[in-house]
Amino acid sequence: IDETFKDQTALQVACYEGKYDTVVFLVQHGASVNLQDKAGDTALHLAANGNESDIMKHLADNGANVNITNAKQQTALHITVNKSNWKGSNVLINKGADPSLQDGKKDTVMHFVVSQKDCPHDTLKSIFRSKMAKFSAVNGNGYPILSFAVMKNNKYVVDLIVRLNTKCTSDTMSDGRTALHLAAANNKVEISHCLITTGKADINVKDNKGRTPLMSAVFSGGTLKSVEQLIKFECSVNAQDNSGDTALHILQTQKSSSMMRKRRGADDTQMLCFLLENGANVLIQNKNGKTPIDLTKDETEKLLIKTLAKKVIEKSFAKTKSGFTFPADWDDMGEETILRVNIEPSKTDLMKQQWKDVKQMFDNTLPQARIVSIQSIQDKFNWEMYQVYKKKLEKQYGIGCANEQNLFHGTLPDKVDLIVEQNLDCRLAGTRVGTLLGKGTYFAKDAKYSDGYAQSDSNGHKFMFVYSVLAGKTCCGRDDYVRPPLQDTNNPNLFFDSCVDNVTKPRIYCVFDNTQYCSKYLIEYT
């Protein structure tokens, strides 16, 4: 009954072709369920390849070894997970399949399943709750399972793993980086929040270079959200790496390097101010005897750093009545409540950086346009209301998880002054752009899209605002929405915060609360 034809037994052929009754007959008459062909495949492997879950169960019930590996060192469970056969995967897990066995590329089933976005939560729980699950298993690319889940942006699995085993947050790659280092460097703030709060991750853990997650966030560039989040969780702002560098040293080194400047993000100026506002010490020397000021080439920026550092010591930052500190890069407003400041790149290095940051965002999708001027909009009242709303969202979703975005809004020339003075008004929804996503205020990720709603004045100039927008939790919009729908129909108090055109890759946002957005810049262009 176990005689082979073209290297396979009758049982193996029947398993692959899905002949359930034949399989039952052969097993009843003594067919060997664990024989392997030249590729190392057993009847169970072949049933897995054919997505034959019922046959797999029958084989497992009749002595099939669920942990035999083939020539690729894969078990049947590797195959079912890779094929998204969740019924078959559950059969194998329930029969004792080991999710920690590594294939020829050193991938475990746990690594496989993290990459499968459609895996049901029940199957994920079964795999990761298995008594044989080894969370410290490292794949061929050097990723422990938790770090791999971070890089795949699989928030559900990250949360599941740290709830099952908080020690996983200490697992490192060969370079000493933990899951929190990776989350911080890649701006995955919701995952970082989970690692810190649920996983009890050490917020000041160091890699082999002595770098903390904060340093990783600064080094990677364009990760202001992660920097803000880590500092709000009270990480050590002045921790030093093996070279004696602090996060501020690293930021200034990156900015001063001509090669590194090309890959820096648009948040560097705000990152510098935020570090200084929160106690970054400008006098700490690294092992080369250099302070962050020594690493700053521009004299104007050196003066800015010294001024902000002095304000920290003297606790002289201007604050709102609610206790929020105004942005450190704002000009002195005196008794004014709204101030428009012309950004002149030839005047100071700070303005040069601001101009560069805004131009970079604008040019990403509208490079053919020519910027005539950029103004910074300083609005005390709207900024304070915006901060109150941000605090509300962070209380609801976690520190750093308000989903803050820099977005564009094109407008008419005769509306510019009114918008600066009174902000955009949700109550006027649909008067110009329609209500495709709801009756709210519209913003776009791309300047090119907003350009379609900006009209030229008599000089041929157009106007576009850059806004900070608190998108929070988003959902697809609908033209009859006057507010976002419920996140959970069982919770009548929990609504989505904004509507978008595409939840996975949103380009257009519709917001329904005037305090959810605050103007930052006004761009005049042709």
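Backbone N, Cα and C define each Cβ position, glycine as well.
A quick note: this is a predicted structure, and the numbers were derived from the prediction, not measured.
Per TrEMBL, domain 'PARP catalytic' is recorded for 326-526.
A Cβ distance under 8 Å defines the sequence-distant neighbours of the repeat 'ANK' (6-38), meaning residues of its chain 6+ beyond its ends; these are 44, 46-47, 49-50, 52, 54-55, 58-59, 62-65, 68, 70-71. Taken from TrEMBL, the feature repeat 'ANK' covers 6-38 (among others).
Residues 8-9, 11-12, 15-18, 20, 23-24, 27, 33, 77, 79-80, 83, 85, 87-88, 91-92, 95-98, 101, 103 of the same chain lie 6 or more positions beyond the ends of the repeat 'ANK' (39-71) yet place their CB under 8 Å from a CB of it. The repeat 'ANK' annotation in TrEMBL covers 39-71 (among others).
In the repeat 'ANK' (72-104), helix, strand and coil residues by DSSP number 16 helix, 0 strand, 17 coil. Per TrEMBL, repeat 'ANK' is recorded for 72-104 (among others).
Residue counts for the repeat 'ANK' (175-208) under DSSP (helix as H, G, I; strand as E, B; rest coil) come to 16 helix, 0 strand, 18 coil. As annotated by TrEMBL, repeat 'ANK' applies to 175-208 (among others).
Per TrEMBL, repeat 'ANK' is recorded for 209-242 (among others). Long-range Cβ contacts of the repeat 'ANK' (209-242) within its own chain (Cβ-Cβ under 8 Å, at least 6 residues beyond either end) map to 175-178, 180-189, 192-193, 196, 203, 248, 250-251, 254, 260, 263-268, 270-271, 274-275, 278-281, 284, 286, 399-400, 404.
Proximity of distant same-chain residues to the repeat 'ANK' (175-208), defined by a Cβ-Cβ separation under 8 Å and at least 6 residues beyond the stretch ends, is recorded for 144, 146-147, 149-151, 153, 155, 158-159, 162-163, 166, 168-169, 214, 216-217, 219-220, 222-223, 225-226, 229-230, 233-236, 239, 241, 397-401.
Mean pLDDT for the repeat 'ANK' (209-242) in this predicted model: 93.
DSSP places the residues of the repeat 'ANK' (6-38) in helix, strand and coil in these numbers: 17 helix, 2 strand, 14 coil.
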